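Report on the structure given below.
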Amino acid sequence: MAPAIKPGFAAGQALHLNRFSGSLVPLFAFFDCLRIGKGKTLITVNTLRRMKAEGEKIAMLTCYEASFAALMNEAGVDMLLVGDSLGMAVQGQASTLPVSLADMCYHTAAVSRGNREAMIVADLPFGAYQQSKEQAFAASAELMAAGAHMVKLEGGAFMAETTRFLQQRGIPVCAHIGLTPQSVNAFGGYRVQGKGDAAAEALLADAKAHEEAGADVVLMECVPASLGKRVTESLSCPTIGIGAGVDCDGQVLVMHDMLGVFPGKTAKFVRNFMQGQSSIQAAVTAYVAAVKDKSFPAAEHTFAG
């Protein structure tokens, strides 16, 4: 007997589950997978492009499990990033580097079970995609089968051909440029990228290379606000910023950061949305509202060139 399929599961998830049953999913179950609730539709790459065209900001947060996925859906979060930041936020690691593909698939599947309408983006972890385009596809296929709608890879123009390879095989890609945490050892720490004319031109070239290769989203981390604006205006695909200024098409934060979970000093681009709120739901709702009305990030959360 085929396992029960909850309404709201993506069709790909239904087929993935059904591999273990040895039977075909009935047609009505397939269409039931596409229904995600009255008046609500799944956010797609076309939705994101429309939002950019209409000037509607995109709110994105990291998410690692089902209950927070459901909560973020209720709060109106547009994109859920199953980030390899779970290494630090969940596992207590010193960096993202120890996170495995198995870890990413586990948490992606958990988020998918709690999600109904947000787009799920899953990080390709360190070592799972840099060796070859074929390796990247194999890892991406596992993440998509686990419930991702898009994968995120780190790297500049040198990774653009991997973006192209994945796109040609039906896998949407978010290209992460600027400060790329998987390269923290090469950078010598977590430092602002794209400062100075030459560095800014190089980052803009990275963004354009990925867009030309078919990237659906470009994510910029820790770059001057003026550069974030310039890149955003230069691309037709949406941009997401984290420490990249208010002019990006959307914003993302690590959930634990915006809830003030980590004690001590926080990054410049972080705002604690839990302050003044009575619940996590209210804090996430406040984050979404602040992104949408462009009150976040404010000047104190951005970097100068």
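Backbone N, Cα and C atoms are what each Cβ position is placed from, and that goes for glycine too.
Automatic, uncurated: that is what TrEMBL annotation is.
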Worksheet, complete the sentence: 3-methyl-2-oxobutanoate site partner of D84, S85, D123 according to TrEMBL, chosen from K52, K57, K152, is K152
Discussion item. What whole-number value in Å do you get for the largest C-alpha pair distance within D84, S85, D123, K152, the residues recorded as binding 3-methyl-2-oxobutanoate?
Written reply: 12
Response to the item:
What DSSP gives for S85 (3-methyl-2-oxobutanoate binding site), in three states, is coil
Worksheet item: Between K152 (3-methyl-2-oxobutanoate binding site) and D123 (Mg(2+) binding site), what C-alpha distance do you get in Å?
Response: 5
Discussion item. Between E154 (Mg(2+) binding site) and E221 (active site, proton acceptor), how many Å separate their Cα atoms?
Written reply: 11
Worksheet entry | Chain-mates of D84, S85, D123, K152 with C-beta within 8 Å of site centroid, 3-methyl-2-oxobutanoate | T62, L81, V82, G83, L86, T96, V99, M104, A122, L124, P125, P181
